[in-house]
Amino acid sequence: MEALRQRIEAAFEARADITPSTVDANVRSDVQHVINMLDKGEVRVAEKIDGQWHVHQWLKKAVLLSFRIFDNAVIDGAETKYFDKVPLKFAEYDEARFKAEAIRVVPSATVRKGSFIGKNTVLMPSYVNLGAYVDEGTMVDTWATVGSCAQIGKNVHLSGGVGIGGVLEPLQAGPTIIEDNCFIGARSEIVEGVVVEEGSVISMGVYIGQSTRIYDRETGEVHYGRVPAGSVVVSGNLPSACGKYSLYAAIIVKKVDAKTRGKVGINELLRIVD
C-alpha cells in the first residue's frame, strides 16, 4: 500500500502534464485500483483512529487524478443518456448483487463509481459523489446530496434536501464527516470539512461551515468546525459586540434526550431491505 501511495503522490505532482491520451498506463492502472478500493470500502478517505479522524490525502489525490486521466463516455440512463468521466456505481449490478449487498436504491438515485454504500442502506432519489463513504443502516432521503469524499456514519438519517459538502470544488483539506447515529434535518447544509459528532441532531434549515459559530447556550462556549457529540442544534443569531446587528449562528439548545430520540428515531419498517 505504501508503494501505491508513493506512486499516486508522484503522479499528482505531475498532474498538469497528464491527459487521457498521454497518461502512463501504470498511473492509469494505479488510479483505477484506488477507485475500485474506495468503491468496495476497502479504503476510505478518512477514518477514526484512537478517537481522532485522520485524512488519507493520497486517496483524495487519486480521486482528483481520475478527472485528469479518464475521458468522458456515454452513460445510459433510464430516460436519457449522460456524458461524463465517472461511471455509475450500479451500472453492472443485477438483482443478486443488490440482494447480496443488502441495499435499496429508489429510481433516479445516482451514485458514482468510487463511493461505498454499506449494508441496509436506503437511497431515495438522491446523489452520492465519488469517494464518499456511506456506512450501514443509513437513509439518504429525497434530493439529499453526499459530496465527494464525505464520510457518513452508521444509522444516520440525511433528511430531504440535505447537502453534505464535498472536497473537490472548492478544494478542501478534509472531508465533511457525519458520525454514527446522527439526524440531519431537511434542507440543512453541512460543509467545509465540519465534523458532526456521534448522536447529534441537526434541526431543519441549519447551515454550518468552518466559519459558522456554533454556540452552546448552556455553557456559553463557541465551537468552530465541530458539533459536539449528542448536541441538538437549531439555526439562530448572535448579537454583534456593538449591539447594532446580529449574525447567523448555529445554536446548541440542549443535549439529546429521550424525547428527542423519540422524534428522530429510525423507523425500522422503512429500512427493510429483504
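Cβ atoms here come from the backbone N, Cα and C positions, even for glycine.
Keep in mind it's a predicted model, so treat the numbers as computed, not measured.
What Swiss-Prot records for ARG104, ASP141 is substrate binding site, and it gives sequence analysis as the kind of evidence. Other Cβ atoms within 10 Å of the Cβ of ARG104 (substrate binding site) number 17 in total over all chains.
A sphere of 10 angstroms centred on the C-beta of ASP141 (substrate binding site) encloses 19 other C-beta atoms.
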